[in-house]
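Enquirer: Sharing the features that TrEMBL gives for it:
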BINDING   A:TYR229, A:THR241, A:SER242, A:ARG243, A:LEU244, A:SER245, A:PHE274, A:ASP375, A:ALA376, A:ASP377  FAD binding site
DOMAIN    A:7-136  domain 'Photolyase/cryptochrome alpha/beta'
SITE      A:TRP308  site 'Electron transfer via tryptophanyl radical'
SITE      A:TRP362  site 'Electron transfer via tryptophanyl radical'
SITE      A:TRP385  site 'Electron transfer via tryptophanyl radical'
Amino acid sequence: MTPSPTPTALVWFRDDLRLRDHPALQAALKAGLAPVPVYIHAPHEEGAWAPGAASDAWRHRSLAALDAELRQRGSRLHVFAGESLATLASVAASTGAAAVFWNRRHEPAIDQRDTRIRRELRQLGLRAEAFNGSLLFEPWQLETRAGDPFRVFTPFWKAALQAWNPPGLQPAPDHLPTMDPVPGEVALAALGLQPVPRWDNTFWDEWIPGEQGAALALQAFIDSKLHTYSEGRDRPDRALTSRLSPHLHFGEIAPWRVATQLDAAGPPDERAAFLRQLGWREFAHHVLRHFPHTPDDNFNPRFDDFQWAQPDAALLRAWQRGNTGVPIVDAGMRELWTTGWMHNRVRMIVASFLTKNLRIHWRHGARWFHDTLVDADLANNALGWQWVAGTGVDAAPYFRVFNPVLQARKFDPQGEYIARWVPELRGLPARARHAPREAGAAGLAATQGYPHPIVDLGESRNDALAAFARLKGR
DNA sequence: TAGGCATTGGC
DNA sequence: CCAATGCCT
C-alpha cells in the first residue's frame, strides 16, 4: 500500500496576488494542508463591472509574477477559465482537497457569488472559508454610535484610528509542495488578458506589477517622498505620491504591511497624512458594502432629478482623449491614456470638468476610468465620482465646481505637468500654459493644433449651478 | 482677504 | 455644535 499523500487545500487567489501576509494561504498551512494555488478567470461573474482592459493588462503581469514566486518555492499557479464554483469543485475532487480558502472581495456581485460558492462547497463536504486579505478594517467592523454605517469620512477615520490594531506581518513561505498538473488547466496566455495590439507597452516603463514591484514602490515612497507627502501629494508636476494604488487593488501588498512599514519612518504628521489616504480606501469599501447600489446610482436620491446635459458623444470623446482645450484636463486624460494612471488631484479636476462643466452624468466618467485605469477599483471609483459630482457621501455644503485654471495654477504652478502631456503647449511660457487663450496673440501663435475650449468655463459653471438650484424645490 | 454660499452626518 | 480636498466677490 502506498502512503496516502498529504490532504490539500485549494487557495483561491483573486485580488490578493501575493505570498506574504496572505490569510487564506496561512490558513491552509496552519491546518496542515498542502496548498494548491488556483486562479480562475471568470469575468462574466462580475456583473456590469467586469475588469477593464488596462486592469486586465496589469493582472496578466501580476499573475505571471505570482506564478514565478510560487515556482521559486516549488509550487506554481494553476490557472483555469470558466465557472468558479464548477472549477473549484472539480479541482477539489481531482486533487483530493479537504478545504477551499480565499480572501474576501466586497464588490456586490462578487460578494453574492462567493456566499453562494461557500454554501455549495460546504454541501459538497469541503471546508470553505473566507478571510480578510485587503482591508485594515472589515466593512462591518466600524459603525457610528447609533449603529449605522458612516456617511462622512472624518468621523469614520476617527473611529478607525481608535480601533487601530493591524495584524502582525507574515513572511512568504520558504517552500511549498509541488503539485501534478490538474485536469482542465490552461496557460496564463490563453486567458487573453493582454491587449491586442499591445497598446500597453508604454505602461511598463513606469510600473512593475507583482509583489516585488509593490515592495519596491513602498520602499521608494518611504525613502524619498514620505517626508514631504502632505504638500507633495497635491502636485501632479512632481512624482510625490506613493503610486501604490494598483498594487493595493490587486493585493500585491497588504494595507497593514504598508501601515506597519510606515510606522518606523518619517515625521508623524506626514505619516498621518498618508495613512489618511489609505483611510479613504477603507471608507470607500465601507460605503460600497453598506450601499451596494452606489457604483450605478446616486447615493443621494435627491440628485435623481438633476438635469444632466443631453448625451453628446463628441464632447464625451473629446474628454476621453484629452482634446477639451482645457490644458490641465487634457494633460490628465492623456496621462491616463498613456500610462493607465492619473494623479489623484487631476482625477478630481477632470471629474469636476466632466460632471459640472460638461454636465455629463458621472456614470460615463466612472465607466471610462474603470476601463482605462490600471488601479480601477469599484469601491474607490464609485466613491470618487459621486464625491466630485456631489451626489455621494461626504457632501459639501455648497455645489462645488472646480475651476480647472485655478487648480492648475495652484497645483502645477510652472505648467510642467501640462507641458509633459500636452506637447502642443510646450512652446508657451510657463504661466500661459494654464489658459493659453488668455495669453494673447503670442500665446495663440504657439499653440499649434491645440483645440479651442469645447465649453466656456464661466458659462457652464453658471449653468451647472442653475441646474443644481432647480433641485431645491423638489 | 474675509465672508458668503447654505447641507448633512455625527458627536 | 463642528467639519467637509472650493470658488467668487
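The backbone N, Cα and C atoms fix where each Cβ goes, and this holds for glycine too.
Keep in mind that TrEMBL annotations are predicted by a computer and have not been checked by a curator.
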Enquirer: Rank the recorded positions A:TYR229, A:TRP308 by how many other Cβ atoms lie within 10 Å of each Cβ and give me the one with the fewest.
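Expert: Comparing Cβ neighbour counts within 10 Å for the recorded positions A:TYR229, A:TRP308 gives A:TRP308.
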Enquirer: Take the C-alpha atoms of A:TRP385 (site 'Electron transfer via tryptophanyl radical') and A:LEU244 (FAD binding site) and report the distance between them in angstrom, rounded.
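Expert: That separation, Cα to Cα, works out to 20 Å.
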Enquirer: Round to the nearest Å and give the CA-to-CA distance linking A:TRP362 (site 'Electron transfer via tryptophanyl radical') with A:SER242 (FAD binding site).
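Expert: It is 26 Å, counting Cα to Cα.
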Enquirer: Could you count the residues of the domain 'Photolyase/cryptochrome alpha/beta' (A:7-136) that DSSP puts in helix, in strand and in coil?
Expert: 63 helix, 30 strand, 37 coil
Enquirer: Within 10 angstroms of the C-beta of A:TRP385 (site 'Electron transfer via tryptophanyl radical'), what count of other C-beta atoms is obtained when all protein chains are considered?
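Expert: I get 26 for this one.
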Enquirer: Cβ neighbours within 10 Å, counted over all protein chains: which one of the binding-site residues A:LEU244, A:ALA376 has the most?
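Expert: Of the binding-site residues A:LEU244, A:ALA376, the most buried by Cβ count within 10 Å is A:ALA376.
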Enquirer: Rounded to the nearest angstrom, how far is the Cα of A:TRP308 (site 'Electron transfer via tryptophanyl radical') from the Cα of A:TYR229 (FAD binding site)?
Expert: 37
Enquirer: For A:TRP362 (site 'Electron transfer via tryptophanyl radical'), list the number of other Cβ atoms lying within 10 Å of its Cβ atom.
Expert: 23
